[in-house]
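Worksheet for the structure shown next.
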Amino acid sequence: MAGKEIIFREDARRSLEKGVNALAEAVKITLGPKGRNVVLEKKFGSPMIVNDGVTIAREIELSDPFENMGAQLVKEVATKTNDVAGDGTTTACVLAQAIVREGLKNVAAGANPMIIKRGIEKAVDKAVEAIKNSAKTIESKSAIAQVATISANDEMIGNLIADAMEKVGKDGVITVEESKGTTTNLEIVEGMNFDRGYISPYMITDADKMEATLNDPYILITDKKISAVGDLLPLLEKVVQSGKPLLVIAEDVEGEALATLVLNKLRGTFQCVAVKAPGFGDRRKAMLQDIAILTGGTVITEEVGLKLDKATIDQLGRANKVRVKKEETIIVGGAGSTDEITKRVAQIKKQIEETTSEFDKEKLQERLAKLAGGVAVIQVGAATETEMKDKKLRIEDALNATRAAVEEGIVPGGGVAYISALKGLDGLDAGSLDEKTGIDIVRRALEEPLRQIASNAGLEGSVIVEKVKNADPGIGFNALTGEFVNMIDAGIVDPAKVTRTALQNAASIAAMILTTETLVAEKPEKEKDTMGGMGGMGGMGGMM
């Protein structure tokens, strides 16, 4: 069995620092409007060209196990920031590297790392408070477009996301998909949609589009499998008398029940489309209830004592229009009461707040969107697959940044929010010299994002930082034009949530690295000499 290799004190910290630097140097060249790209090798297919911090960080694995630990810790800064805020991963890596670099200098000079850590935490809390206090709420479409434009570094993408948000609202779902063409466009799906299509192709009304359209239909919603026609007959007779079409949403429709529906459709007696209920298990029950509330119907389920053969026409839902495709059903203009829908939306929002599972949160968010607004799909097009992947990543980042901005407001971009937060550290009381050192480390680190943006634009970072520090509040450096401007007026803004999260995560991991004294890793196994057993072949000469 391979043993373990252990390194201590200064050697341990230096190895971690090398790993931190390796990852941060690769990521930070992408920061700002003049940031460069990174090319990632792929085992299959063409290399990937990206400008996204977390995607680059995820690809980095170092051969030295101790240095790799440092790189993996910074990777955690990037992924955690991405999970919470959806953007700001490069900034988080830059901040983490700065805190580690300054901190290790002081630890090597004899400072107590535990007390430095206390100073770092105190300063970060104060800086985060300053960032939150300076945040401005955003409402207008143009402000949303500015946030998205800065994140994606592309005005067209910014406007596209602002359009999508305007159409589906803050609670709406916006998904990003790869397009077949070369243009990027926005598609809005109005009403509630779910990924189940017609059970039988005989039910279609438009042979060219291969879809069924029902105008002003009744909607039967049940969690039961329908196979006996007797269960449906009493209800079918009432629907036929009304002269309206019928949409059946059930666990399944099969056997003679399906044959009866298809036969009536083909004879022209009445129009009916059957689809399977969306989702599985408890989620299916919840989604059927959502559809019932949206359409003003009742879920016919034996759990509450309702039987299909006793169902009345009053228990059916209504909608202005229903479109059923091969794999999708869209209900437009449900006749449900606005009060009931509002209550249901509030209930789902509460569940989103309480759930800890990311998967559940995502599914609840989808249900919320279908009830509250609709779904917007951004179709990403490009001339090559490599460009498309890069564009898709940028759009996803911009979308996350925009959601974060709507949630917690915006602050001046271009690293200016961190420079402004420096003033909040001025009167901070340090209990000891080492604690003051911790505060000063954060003070220096807060300048680093602006310094890096200027450096990527080919300028001397320290000069730009000093000019911004001495300028009026809100004035920053526009790296694209090389001018000093009011950042919010110029539309250079960052979401407060992204700015805050990047600093908190960077400080958390960096402080852990500073207080590390020992590293333990697997000892690499020496490769066995596979040719060693061939030595005995020298005796083959006597075989003649």
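Glycine is no exception: its Cβ is also placed from the backbone N, Cα and C atoms.
Remember, predicted model here, so these are calculated numbers, not experimental data.
What Swiss-Prot says about this protein:
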type    : residues                                                                                              : note
BINDING : Thr30, Leu31, Gly32, Pro33, Asp87, Gly88, Thr89, Thr90, Thr91, Gly414, Asn478, Ala479, Leu480, Asp494 : ATP binding site
- Report the same-chain neighbours of Asn478 (ATP binding site): residues 6+ apart in sequence with Cβ closer than 8 Å to its Cβ, ordered by sequence. Gly414, Phe484, Val485, Met487, Ala490, Ile492
- Message: Over all pairs within Thr30, Leu31, Gly32, Pro33, Asp87, Gly88, Thr89, Thr90, Thr91, Gly414, Asn478, Ala479, Leu480, Asp494, the annotated ATP binders, what is the largest Cα to Cα distance, rounded to whole Å?
- Response: 21
- Query: Around Leu480 (ATP binding site), how many other C-beta atoms are within 10 angstroms of its C-beta?
  - Reply: 14
- Message: Which secondary structure state does DSSP assign to Thr91 (ATP binding site), in the simple three-class scheme?
- Response: helix
- Query: If you draw a 10 Å sphere around the Cβ of Thr30 (ATP binding site), how many other Cβ atoms fall inside it, taking every protein chain shown into account?
  - Reply: 22
- Excluding its own, the Cβ atoms lying within 10 Å of the Cβ of Gly32 (ATP binding site) add up to 25
- Query: What three-state secondary structure does DSSP assign to Thr30 (ATP binding site)?
  - Reply: coil
- Long-range same-chain neighbours of Asp87 (ATP binding site), Cβ under 8 Å, sequence gap at least 6? Thr81, Ser151, Asp397, Ala398, Asn400, Ala401, Ala404, Pro495, Val498
